[in-house]
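Features as listed in Swiss-Prot:
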- 3-237: domain 'ABC transporter' (DOMAIN)
- G35, P36, S37, G38, C39, G40, K41, T42: ATP binding site (BINDING)
Amino acid sequence: MSIEVRGLSKRFGAFRALDEVSLHIETGELVALLGPSGCGKTTLLRIIAGLESADAGSVLFAGEDATDVDVRQRQVGFVFQHYALFKHMTVFENVAFGLRVRHRSQRPSEARIRAKVLDLLGLVQLDWLADRYPAQLSGGQRQRIALARALAVEPRVLLLDEPFGALDAKVRKELRRWLRRLHDELHVASVFVTHDQEEALEVADRVVLMNAGRIEQVGSPREVWERPATPFVYGFLGDVNQLHGHATRGVWRLGEVALPAPDLPEADNQRAIAYVRPHDIDLARAGTAAPGIPVRLNHVYLAGPSAYLELARQDDQAIIEAQVPEPLFRSLGLKEGEALLAQPRRARVFAVQP
């Protein structure tokens, strides 16, 4: 079942949580709502679920208006960050809960409930824990049980609010791969909220970047990473250097450094910022003929196959971060305190708004 929101707006007092947000999610699609705290992503998820009401706009499921439909009638599965499992119930009873509290006319028989629960526990690979209590489970196991409980009522859509946020890094990585595989089996429209860039880029079919109650960009993980639409998206997704210069007729300049600025073909000495990833910066020793930004090597740390360099510009001491392959770093024989030239190889240039 598809999900569509049209012109959603929501305020909490003077705070604007959502500002005319519109989005369409296809059946079977796994979409990540990604952004910093306070950007509106959880509010949007809760309005889709029916846990919050919008001040304006509408929510549609499969093309039908569900804006005023009660949360109990929306057939939405919701997974919270902190599991919300019933401590006094076993794993089996937790998963069966949504089925057992249905109205008598819709409630399955106990035999069907048992079969359904055991099927779901098998799906999340935890059928051997059916008789245990939540306190006897690890964090990753609890989250999988919470997901099984959400699926028990056969939701038309699945919503997850930072489902792995309370788990350690290794468990998060394992569970998000598992969620991707599980989603491919279920083929329902699923939306999950996260502030973890790696999580969104690894798991989702599409990523929705949100900022200050608005959508900045929607696209596949590859699209938003390789072609950020706005300075916010560029700055939010991964590490980036911001180099302030000027653009004229499609060329950005800072001192002797010149880079293409195809988005600014009509610029005339306009202030502009070049966004440069650390791995897109080459290094040369000071005194070479090649153009570059004069810097001094402040600090180096090695992590796996890469060397990460902190460079201080010699004009204003602003920091530039560079990332080079560890073998290349060793072959260059660079030393902390050495004068170098930072040479941006590739950048995306945005005009500074007046």
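Keep in mind that glycine also has a Cβ here, set from the backbone N, Cα and C atoms.
Just so it is clear, the model here is predicted, and its values are computed rather than measured.
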Neighbouring C-beta atoms (10 Å sphere around the C-beta of T42 (ATP binding site)): 19
Chain-mates of G35, P36, S37, G38, C39, G40, K41, T42 with C-beta within 8 Å of site centroid, ATP: H195, M210, N211
Binding-site residues (G38, G40), the one with most neighbouring Cβ atoms at 10 Å: G40
Across the domain 'ABC transporter' (3-237), average pLDDT on the 0 to 100 scale: 89
Set of same-chain residues at least 6 away whose C-beta sits under 8 angstroms from K41 (ATP binding site): L33, L34, G35, V193, V208, M210
Binding-site residues listed as G35, P36, least Cβ neighbours within 10 Å: P36
Which same-chain residues, if any, lie at least 6 apart from S37 (ATP binding site) yet have Cβ under 8 Å of it: H195
